[in-house]
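Let me begin by presenting the structure, written as structure tokens, before commenting on it.
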Amino acid sequence: MRVYLGSDHAGYELKNHLVEWLRAAGHEPVDCGPHIYDAQDDYPPFCLRAAERTAADPDSLGVVIGGSGNGEQIAANKVAGVRATLAWSAETASLGREHNNANVIAVGARMHSQDEATKFVETFLSTPFSNDERHIRRIEMLARYETTGELPPVPAHHPQPPEA
């Protein structure tokens, strides 16, 4: 599988490890940077590139890495067609794929050991989407909102929220 990776300075070493681990595991890693360590590197230039390439390549997945993974997940989710999940356990990595058909995983390099983070990525890559109707429906609602900006209707049996 082709896997696009991007990080900031805090995720640089883990990204490099994952590139080698992915290659050894038979995947095709594509390193979207950074390619040198610079303590001043910001995550948007590299994580947005990894996310854009993932969105443009439907059979691929992406990995974005920073200190906590939070900003990297936010950046990736700004790209149309990306569903990025922040993993802090193998279970959250699995659920991101199984329930949300996430195509990008965000990992915090300062939050986890290299072995833990590698396990999260391995779990993410090996977990298929469940294709359950309820999960498909939710993903479609978000995709429509992403393209139209229109909120999905509140179910009729719920009190209607006040209008803005």
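For all residues, glycine too, the Cβ spot is worked out from N, Cα and C.
Just so you know, TrEMBL annotations never went through curation; they're auto-generated.
Site annotation for D-ribulose 5-phosphate in TrEMBL covers D8, H9, G67, S68, G69, N70, G71, N100, R134, R138, and the matching candidate from R23, R110, R144 is R110.
Candidate binding-site residues: R110, R138. Fewest other C-beta atoms within 10 angstroms, R110. Counting other CB atoms no more than 10 Å from each candidate's CB, the binding-site residues G67, G69, G71 peak at G69. Within 10 Å of the C-beta atom of D8 (D-ribulose 5-phosphate binding site) sit 27 other C-beta atoms, taking all shown protein chains into account.
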